[in-house]
Amino acid sequence: MTSYTSSILSQISSPEDLKKLSCSELSLLAEQIRHKIISVLIKTGGHLASNLGIIELTIALHYVFSSPEDKFIFDVGHQTYTHKLLTGRNIEEFERIRHDGGLSGFTSPLESAHDLFFSGHAGNALSLALGMAKATEKSRTHVLPILGDAAFSCGLTFEALNNIHTDLSKFIVILNDNNMSISKNVGVMSKSLSQWIHHPKFSLLSRKLERSLSKIPRYGKSIAKCSHKISTCLRSLVCPIPIFEQFNLAYMGPVDGHDIKALVSLFQKVRDLPFPILIHVCTKKGKGLEIAQENPTKYHGVKANFKLTAEDKLLPTIQPQLTYPDIFGKTVCKLGEISPNLHVVTPAMSLGSRLETFKGTFPERFIDVGIAEGHAVTFSAGIAKANTPVICSIYSTFLHRAMDNVFHDVCLQNLPVIFGIDRAGLAYGDGCSHHGIYDLSFLRAMPNMIICQPRSSIVFQQLLQSSLHWQRPSAIRYPNIPALQGDPIATDINLYRDPGLGEILSQGEDVLIVGLGHMCSAALSIKLQLLSHGISATVVDPIFIKPFDNNLFSILLMHHSKVIIIEEHSIRGGLASEFNDFLATYNFKVDVLHFGIPDSIFSHGDKENLLQRVGLDVDSMVKRILTYFNFRTKKAPSNKLSIV
């Protein structure tokens with residue numbers, strides 16, 4: 001990597017500092033930012049390829065426009081590392097990005113006035129920008145939504161496009177195209193025609209001409225429409241994307257997204273045009289790092305503690321333990337062999353949910369619908385209606401976007417769609433927009449729905465296999481953490497063929513501890529610590545949140561008056577809410593202590609510290625248990641821990 005003796009980056013404390021630089025200095029700044037991003041992400045992890053691809057574009061935008069007076073709205077927001085470096089963030093906080101004490105990996109209004117929204121989900125930037133443009137249309141404010149090409153697989157983006165009006169000024173859509181295949185234009189005539197037709201003056205003159213023609217008595221509107229069609233046809237000769245013109249956006253481009261001089265020149269020309277514009281910018285993901293540029297999907301996001309070897313390959317320092325997504329991917333592949341008609345649907349999460357092997361083995365039965373969660377759910381419902389088994393693999397945080405589809409198209413029809421809900425629980429480095437801690441709140445209310453969560457890899461595999469027999473909508477939620485490879489008890493697969501049965505992991509006398517999914521491990525650790533205080537606990541895994549095992553808990557509450565619920569979910573609407581409904585229905589009077597995610601917004605952080613912040617680390621829970629129940633240390637029971 002290049003060594004810089006005089007850092008321009010260190011002199012940038014706000015976007016205004018950019019305006020003092022020459023074009024050559026802006027290019028040097030881009031290389032310094034690229035060097036900084038690579039060197040930091042090797043240590044911290046984060047979104048690599050997308051941030052390397054948008055550096056020059058971000059610099060040019062901040063050079064021409066004036067944030068925060070002008071409004072930059074980044075779709076998704078994971079590609080904003082350059083934006084952060086140019087808008088006065090603390091460089092030490094950037095070097096800890098996505099970790100405790102560091103910057104968010106997405107835009108965050110808590111960090112800067114230059115960040116307008118908390119971000120993390122795709123497809124909403126255009127709607128947000130249109131709202132802001134409407135509210136500020138009488139001011140001098142420019143509104144610039146910056147969208148990746150993936151945003152155009154979202155229905156919400158097209159809903160917003162359909163609402164754009166021709167009289168909307170200072171509204172400039174930036175399409176950051178790092179994936180579309182644009183046919184190359186051939187020949188001098190084509191190049192000249194393209195430069196003329198896509199020049200801002202051509203757009204301005206054609207719009208003025210159409211308005212003037214429309215004022216001609218009687219035939220004006222017809223003549224204006226004809227003029228618009230001629231203009232559109234001329235554009236379509238050299239541009240394969242005339243669709244934007246149909247949505248009242250004057251199309252300009254494509255332009256090289258790594259040519260700062262060309263970008264600055266174009267932005268300066270279009271800045272004050274009195275109609276909405278879309279600028280098509282072509283960039284390369286992973287720009288400046290060969291391995292990331294060659295495989296942008298693999299290097300879209302990298303984990304912490306990666307290192308660059310002399311061979312320019314990113315290698316993990318240690319062999320990681322299998323995670324729940326790893327187990328999911330492997331098990332689904334096995335089920336694909338057992339069930340020759342099994343289909344798998346995902347909304348652009350094939351790599352994250354470890355479905356690449358299934359995709360390669362059964363390509364005709366694997367469907368990636370793009371960032372279109374609602375369609376993924378309803379499409380899966382259509383497959384299920386045709387008596388074909390289907391798994392819809394989706395992140396918990398993205399399932400929110402398809403709530404109506406889950407109700408209307410799956411549960412109301414009682415179709416056996418199996419939802420593999422990935423990233424259930426805290427998202428750690430990804431932060432508040434990605435925490436999977438709300439899905440139980442709405443899934444519990446869905447008619448016909450089965451909901452469960454495994455405590456170990458063994459139970460996970462057995463639940464997935466059993467779900468093919470349930471013949472009802474089902475949701476198996478799981479976190480993105482190393483999976484418990486063993487299991488506290490020998491599990492019989494037939495136990496899960498009839499959903500709704502919980503399991504006793506360990507018996508005691510003084511208190512009942514109920515742990516959901518991977519929190520069973522925390523429950524067993526708490527049991528051991530309580531034993532040192534002479535307190536004996538029963539530990540139970542409900543496995544199924546819905547249907548709830550009323551019979552098992554009715555028996556257990558005959559012998560326990562103190563209950564502890566532990567779940568990595570919001571305290572509103574999760575396992576504890578289901579348990580409280582059970583208590584009210586059967587009129588049990590017991591003392592309940594609930595550990596869950598408080599009803600607040602929690603940002604990013606490392607696993608250990610974030611668990612401490614929400615009160616879900618074992619030591620904090622033990623202290624609170626002893627205080628809450630006023631337990632006093634007594635002589636530990638002589639009998640050893642019994643496992644049944």
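Every residue, even glycine, has its Cβ placed from backbone N, Cα and C.
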Thiamine diphosphate site partner of His78, Gly120, His121, Ala122, Ala150, Ala151, Asn178 according to Swiss-Prot, chosen from Glu373, Glu503, Glu509, Glu567, is Glu373
CA pair Asn178 (thiamine diphosphate binding site) / Asp149 (Mg(2+) binding site), Å rounded to integer, equals 7
What is the maximum Cα to Cα distance, in Å and rounded to a whole number, among the residues His78, Gly120, His121, Ala122, Ala150, Ala151, Asn178, Glu373 annotated as binding thiamine diphosphate? 22
Hey, what's the Cβ neighbour count for Ala122 (thiamine diphosphate binding site) at 10 Å? 27
Same-chain residues at least 6 apart in sequence with Cβ under 8 Å of the Cβ of His78 (thiamine diphosphate binding site), in sequence order, are His47, Ser50, Asn51, Gly105, Phe106, Ser119, Gly120
For the binding-site residues Asp149, Glu373, which one has its C-beta crowded by the most other C-beta atoms within 10 angstroms? Glu373
Inter-residue C-alpha distance, Glu373 (thiamine diphosphate binding site) and Asp149 (Mg(2+) binding site) (nearest angstrom): 16
Cβ-based isolation winner (fewest other Cβ atoms within 10 Å) among the binding-site residues Ala150, Ala151: Ala150
One finds that other Cβ atoms within 10 Å of the Cβ of Asn178 (thiamine diphosphate binding site) number exactly 21
Kindly assign Ala151 (thiamine diphosphate binding site) to one of the three DSSP-derived states: helix, strand or coil. helix
